[in-house]
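Novice: Not my notes, these are from TrEMBL:
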DOMAIN    B:102-286  domain 'ABC transmembrane type-1'
REGION    B:1-26  region 'Disordered'
TRANSMEM  B:44-62  transmembrane segment
TRANSMEM  B:109-128  transmembrane segment
TRANSMEM  B:140-162  transmembrane segment
TRANSMEM  B:168-184  transmembrane segment
TRANSMEM  B:220-242  transmembrane segment
TRANSMEM  B:262-285  transmembrane segment
Amino acid sequence: MSQEASAQAPVIELAGATKRFRSARGGVHTAVRDLNLTVGPGEFVAVVGPTGCGKSTTLSLVSGLEPPSEGRALVHGRPVDGIPAGVGYMFQNDAVLPWRSVLDNVATGPRYRGASKADARAKARDWVERVGLGGFEGYYPHQLSGGMRKRVALAQTLVNEPSVLLMDEPFSALDVQTRGLMQDELLRLWSGSGAAVVFVTHDLEEALVLADRVVVMTAGPATIKSTFTVPLERPRDAEEVRLTPEFLAIYREVWESLREEVQITRERGAGRAA
Amino acid sequence: MQREADTAAPKTTGPTGEPAKTRAKGADDEAAIARLRTAGLRRALGINGVRAVLVVAWLGAWELSARHWIDPFYYSMPSKIWERLVGWFTDGTSQGSIWEQISYTLQEAVAGFALGAVGGVVLGIVLGRSRFLSEVCAPFIKAANAIPRIILASLFVIWFGLGMQSKIATAFVLVFFAVFFNAFQGAREVDRNLVNNARILGAGRVQVLRTIVVPSATSWILASLHSAFGFAIIGAVVGEYSGADKGLGLLINHSQGTFDSAGIYAGMIIITVLALLAEWLLTLLEGRLLRWRPPVAGHDAAI
């Protein structure tokens, strides 16, 4: 599936993309360097790498929140300048509006895009239902559990029907059971949507459960080390699939590549601590 | 709000399959709630009782010492102050009806408060969101804030005369800075995540300002409004003090001129009551605007 997908015109294309920041001490910090990545329509790509290596920066380049310092970032074949049309982004931390009810939170996107209040709410009601929050339309975020807030964030992003979905460790703050549940939800909602997904995580298991392709990044400054195709059938059950021998085989293979980078990051951390 | 959350909890098992936070309420729970309620009532009664005792002891000691040891001409005494208050409300004051004075001062304070709050909020949010403007304006604002603003009241009397305008101007200046700094801080400390999320969801600059920045800054702004109304009354009274033809400040000034210490106290009490009423109204408004906030931590009482 992924081969077919990437044969078509890519939805996301990073070519030699590099991002540098000015560091707090006045030096220059390179977050990512020379990234080359293409994602086809409907393809689910997971990006894994050691903690703090610059995975999130990759998403900022695609989303237009940060322009690349060098190289190119293209979405739908057009250079990213401002926020490209059709991009949805789910952040690591809660970004739901605490002063809006669940329904109004989900209706936010359509309202920004000029829908009337009634239309936006009707659309939002449908999505609140789809993410399993029917009956909670009137609640404020602080009245919900962490998993339910993630569902609100998911509905808020998906209600805009993005063709490019960027996810930055969206489930990392959840407990293991809730995370498994949310992974299943995500697969269910994504299947048939035709959206290209870039899912950043430090959890290799999560990456393999979800993705068609897993990209391993090096320790910072990050660049792409290797890419693996995940040979698992869809539809997948997030809980079941991790017990299959195919899963364990691909896990071993990718971990071999990821382990070195994790090791490097750990040694650096130890050096800094000493 | 608390009650809403309670009824919400049992439902959480249903559609989402996530663990519910509370078990169904049984008879045990109801008994416990009843116990808690009586304990709460008793506590409130105790607090108010002690308060009443404190007030009575304080007023009694004052009254007693004024009758026996200190000179009531300088220090006055509760019974004289009460007499003066009753006199003002039944026979009127040296300046005319007391209601007229109150309404005059209140109008000045409210007008100065409204103008100052609007000005402070608008300028605070604009500067809070624009780095360039805030850096340009920073030294001027610091300097303006360092001016002892009460003195401006004298200047305003020269500029605007003895009427209401000069007092409104004084109240405005005091309120403006109190609100401005909070609105500025509130607009600055908006969560970047929320702004980025709104931009991705399709918000333009104006929409980010209206739907993210203003609501985020609201709790900061409301906090400042509490003290700001006090400032507005101070501004109005001090303005009247430095020259006026009506108002509570004038009344106090007049009492001072005639060595009427009971009159000064009586004026003080009226102003305090006004300020407390305004504070109560603002608390109502705050509760209404900040309904979305979680209840204060430590709300769960042990049984």
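Quick reminder: no glycine exception, Cβ is built from N, Cα and C everywhere.
Let's see these features in context: how buried, what's close, how far.
Specialist: Under 8 Å from some Cβ of the transmembrane segment (B:109-128) lie the Cβ atoms of residues 134, 137, 164, 167-188, 209, 213-214, 217, 221, 224-225, 228-229, 232-233, 235-236, 274, all in the same chain and six or more residues away from its ends.
Long-range contacts of the transmembrane segment (B:168-184) within the same chain: residues 108-109, 111-113, 115-117, 119-121, 123-125, 127-128, 134, 141, 144-145, 149-150, 152-153, 156, 159-160, 217, 220-221, 223-225, 227-229, 231-236, 238-239, each at least 6 residues beyond the stretch ends and with a Cβ under 8 Å from a Cβ of the stretch.
Sequence-distant contacts of the transmembrane segment (B:220-242) (same chain, at least 6 residues past either end, Cβ-Cβ under 8 Å): 105, 108-110, 112-113, 116-117, 120-121, 124, 150, 153-154, 156-157, 166-175, 178-179, 181-183, 185-186, 189, 248-250, 252-253, 271, 274-275, 278-279, 282-283, 285-286, 289-290.
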Novice: Please give the sequence-distant neighbours of the transmembrane segment (B:44-62): residues at least 6 beyond its ends with Cβ less than 8 Å from one of its Cβ atoms.
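Specialist: Distal contacts: 75, 77-78.
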Novice: With Cβ-Cβ distances below 8 Å as the criterion, list the same-chain residues six or more beyond the ends of the transmembrane segment (B:262-285) that contact it, or say none.
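Specialist: Contacts of the transmembrane segment (B:262-285) (Cβ under 8 Å, skipping residues fewer than 6 from its ends): 76-77, 80-81, 83-85, 88, 98, 102, 105-106, 109, 222, 225-226, 229-230, 233, 237, 248, 251-252, 254-256.
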